[in-house]
Amino acid sequence: MSDNDKPKLGMRAPLGLKRTVETGQVKQSFSHGRSNTVVVEVKRRRIVPGRPGEAEPQVTEETAAAPVAPAPAPAPAAQAPVAPRPAPAPIPTGRPMTPLERREQQERLLREAEEARMAALEETRRREERAKAEATEEERRRAEENRRAEEEAERAAAAAAAAATAEAETAAAAPREEAPAAAGTAEEAPRTSSSTMPPPRRFTPVPSPKRPEPPRPQQRDRKGDDRRQSGKLTVTRALDDDSGARARSLAALKRAREKDKRAHQAGTVQQKQVRDVAVPETITVGELANRMAERGADLVKALFKMGMPVTVNQSIDQDTAELLVTEFGHNIKRVSDSDVDLITSDDVDAAETLQPRPPVVTIMGHVDHGKTSLLDALRGTDVASGEAGGITQHIGAYQVQVKSGAKITFLDTPGHEAFSEMRARGANITDIVVIVVAGDDGLRPQTIEAISHTRAAGVPMIIAINKMDKPGSNAQRVREALLQHDVQVESMGGDVQEVEVSALKKTGLDELIEKIELQAELLELKANPDRPAEGTVVEATLDKGRGAVATILVGRGTLKVGDIFVVGAESGKVRALIDDKGRNIKEAGPSLPVEILGLSGVPSAGDQLSVVENEARAREVAAYRAGVIHQKRTTAAPASLESMFSALREQKAQQYPVVVKADAQGSVEAIVGSLNKISTDLIQVRILHAGVGGITESDVSLAAASKAPIIGFNVRANAKAREIATRDGVALKYYDVIYDLLDEIRAAMAGQLGPEYLEHVVGRAEIREVFSAGKHGKAAGLLVLEGYIRQKLRARIMRDDVIIYNGSISSLRRFKDDVPEVRAGLECGITLEATTDIKPGDIVETFEVEERERTL
């Protein structure tokens, strides 16, 4: 374009007589993509004739920069050079502009600048739209070329492989001759030079020579530069001689294919997959969405339409979940949380699988009637001498082999009243109950309770009348006393067997064994040993070196080392089995008591043990049972908590907090039950924590927060716990006999309540006259009706049988003399402390207060 063809700047200005100032915009480009737009002006100046010898005046154009160039082409182009600045022209000497002309000129310049800016913006927008359209078209064209190239490459490779198989002799020369033809058919557009294209790869056994890396393309304009490494060999580059052209990546090809696939499937309706959704009693919205394979937002939206504003983390009930499942077209399958638990009541063994098993015999009776001594005589051991206080405080399980070769399993239960739950548990897991009655003591409360437990369990009983070696023993008196409780022995025409024994002299033991074997034969005790084991926890402890240890009485099946089991809310794997003699065994059959190691925690006595198939199932069942226990505890808490706070508000009940630690779970139950029984309406025992094992630092910290003592039953505190207890002032109380424990706790609770005060009324008098007593206020003239009135006694005034004053007598006079005491039938005058509200006819009662030590 020549200089004459350049468009003039500011041609859109209106015509006028004034000199015009042509303006425009020039875009300056810098490195790193920076640019700047400059407004330029073109002024015409007239040069007046100068001195002689100077050139003729001529009109020149002075520009600051070149006008705005059109949009650059995609090909790289150099930046337009800036025109050289001419020499400065002399200042014109014409007349100066008036203010009106100057203002018009400024307005015109502003208008022209705005028009130029708008034109530049419009041009920029058109240029961007053009570039976008070209890029879209280029992308579509390249995708089409790549697709055709891939198809041609596949066809060429297949044809080359077929040709190589048919002509085996010329397999090496044929590819070089046919390479130009194959390359020519691979592309529809003409190529620049076929000799520069590398030969295509042939699928022949001959190894192809190493292909040289194509040269790096020249620097392109940023709009045309793909900014990718060009050393990667692709199918398109192998079949295309234009190695510098941009090639699409594999990810871009995959995206394009997915887009085409979605476009083809847009017209077809996909079939919704109907699922069977298992819905428990409560489920979160997010979990329900996962089971339905739906989006959680869709479920939340559906619930909002139902009027339930919830989030994906909130729980909904089973009925609401059913509405959602039905609305989304799925099938609901209602499940209950209890389905997770093990159900063994319906599991009945076939008759042909049953084999005889030893009987389980429980020894029950009153404390100190000789139960453990009798069992020691049967076993040939001496357990009773090693027990604290000479009383049994745990359930002991033993298996004895008698002279006939048969085996009998014995359970020794405590006789103290605090161990009622242990005796009831022993009666429920036994086959035969032997009730021991001392011949010199007769029937006692725990003996009667043992008879009741036996009847409730529905098991047969045998009466063993012990201590027959003592001079004062009378077996006939015991038999007659049993009749009062509907127990008729065989010697008196009944069906209950009885035997007279002496554990000390070991007499009558053989007869007792014979009666047990006879009763067991009548019961026909059988069990299936070839099945997963089931049993009952007799006792559970926490050993410092072995961890949680439970004594299990196997009911049916065979418990083996390595079995995975669930017991109550605990699970575990059998690491060791120890029998009653302390020997490690590999397996335990029916009716055999064993200690098991490997529990995750200490179970409760009486929990059922069941062997399961794997650890996941065991953890699932244990977690469900723990949740049930926690739910029961939390749901029962509000009522008791509310009643406790209401009692505290009314100052009716005090709290005596304690922390209980014992050596066995059964002992914990007995202690907690006994402490709750000694609570009264005035003071109640609050169990902060009750557990099995030694006293630890956490127990001391818990007790220190509530200023509570720690009760250790057959356990001790470690060194660190003792140090913290001394520092925080926590009382550590150790016991090994439950009698002493209950007596001391009862005394401590009574001491916290303080002494009780009893009132004894000693006199009654009637006020006959009221008169002034100077500084004492008012004095009352009395007639003593009953008893006596003494100075400094406590007194109360009653008016119409309502107490209106409670205080003490400050002075007592008869006539004008102070007297210490006035008896019935005499008159006197008194003044009372801090009251003047007395009238004739009121009754005065005097009483003494007796302080007495409180007992529970």
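Using the three backbone atoms N, Cα and C, a Cβ is placed for every residue, glycine included.
As annotated by Swiss-Prot, region 'Disordered' applies to 1-248 (among others).
Sequence annotations record features per position, and here Swiss-Prot assigns compositional bias 'Polar residues' to 22-38.
Residues or ranges marked as compositional bias 'Pro residues' in Swiss-Prot: 83-93 (among others).
The annotation compositional bias 'Basic and acidic residues' is assigned in Swiss-Prot to 100-150 (among others). Residues in the compositional bias 'Basic and acidic residues' (100-150) partition by DSSP class (helix H, G, I; strand E, B; coil) as 51 helix, 0 strand, 0 coil.
Here Swiss-Prot flags 156-196 as compositional bias 'Low complexity'.
The compositional bias 'Pro residues' feature in Swiss-Prot is assigned to 197-209 (among others).
The compositional bias 'Basic and acidic residues' annotation in Swiss-Prot covers 210-229 (among others).
Look at Swiss-Prot and you will find 254-273 (among others) tagged as region 'Disordered'.
Per Swiss-Prot, the feature domain 'tr-type G' maps to 356-526.
If you look up Swiss-Prot, you'll see 365-372 marked as region 'G1'.
Annotated GTP binding site per Swiss-Prot: 365-372, 412-416, 466-469, in sequence order. When other Cβ atoms within 10 Å of the Cβ of Asp368 (GTP binding site) are tallied across all protein chains shown, the result is 17.
Marked as region 'G2' by Swiss-Prot on the basis of similarity to another entry: 390-394.
Residues annotated as region 'G3' in Swiss-Prot: 412-415.
Sequence annotations record features per position, and here Swiss-Prot assigns region 'G4' to 466-469 based on similarity to another entry. Counted with DSSP, the region 'G4' (466-469) comes out as 0 helix, 1 strand, 3 coil.
Across all of the region 'G3' (412-415), the predicted model scores a mean pLDDT of 65. Met468 (GTP binding site) has a Cβ environment of 20 other Cβ atoms inside 10 Å. In this structure, Gly365 (GTP binding site) is part of a beta strand by DSSP.
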